[in-house]
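Visitor: Here you go, one structure.
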Amino acid sequence: MIKLSINGKGEISFMGRLRDKPYMTYALLGIMVLVYLLMTISGGTENVANLVRFGAKYNPLIRAGEYWRLLTPIFIHIGFTHILMNGITLYFIGQYVETLFGHWRFLLIFLASGIAGNLASFAFSPSLSAGASTSIFGLFGAFMMLGESFSRNQAIVSMARTFLLFIVLNIATDIFVSGIDIAGHLGGLVGGFLIAYVSGVTFGKVSLVKRIVAGITLVVIIIAMFIMGMRSSF
């Protein structure tokens, strides 16, 4: 249950309502839609040149120093079906994660896991790619962290199991369907899992040892992926 703060007159305060709304989720969705519309009117969302111009992951330009391309692909989508599916998933999953982790931790997990996913794609895939799915898989990873850290909470464990099934089905689909950036998805998943440990949650304590180990592991993986991508021949 989400609580709303009440002032001395028994009225629900505006700030209380705002704090309890998943406004980061809504803001991210708004940015995704805005970018999609801008791309649509300026050349199309499936036009390769336009995708590169707006900041899709393109390995040669990342190696040339355009490191911001590890972040910008999160907000770019290739075609209407792509943004529709990612938008619907983010709308429902984002609200859960934002409520459990808090607004700023949620934003950190979303952006950082997206970068981690794009780094994995940079290291292992030569293809031009874009989409919020790297970040969305990071949110799934965050739920896996909750399931492990709060295994006595049946509600959390039940949700974690549901998301685990969703992850397995998605990875299985990635293997057999062409055009899916499986490296990006797996990188986002692992990144979200580790970042969730580092960030902690709003409603309980996470083992300090686990947080430190997760932080060190995350840094090592990020450095390794970056070096591999920079040295890759594709």
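Backbone N, Cα and C atoms are what each Cβ position is placed from, and that goes for glycine too.
Caution: TrEMBL annotation is automatic and unverified by curators.
If you look up TrEMBL, you'll see 23-41, 74-94, 106-124, 130-150, 162-180, 186-204, 211-230 marked as transmembrane segment. The annotation domain 'Peptidase S54 rhomboid' is assigned in TrEMBL to 65-198.
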Visitor: Okay, the transmembrane segment (186-204) and the transmembrane segment (106-124): do they have at least three CB pairs under 8 Å, pairs separated by 6 or more?
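Guide: Contact criterion met.
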Visitor: Residue list, the transmembrane segment (211-230) vs rest of chain: Cβ under 8 Å, 6 or more residues beyond ends.
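Guide: Tertiary neighbours of the transmembrane segment (211-230) are 59, 62-63, 116, 119-120, 122-124, 187, 190-191, 193-195, 197-198, 200.
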Visitor: Which numbers of helix, strand and coil residues does DSSP report for the domain 'Peptidase S54 rhomboid' (65-198)?
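Guide: Helix, strand, coil within the domain 'Peptidase S54 rhomboid' (65-198): 109 helix, 1 strand, 24 coil.
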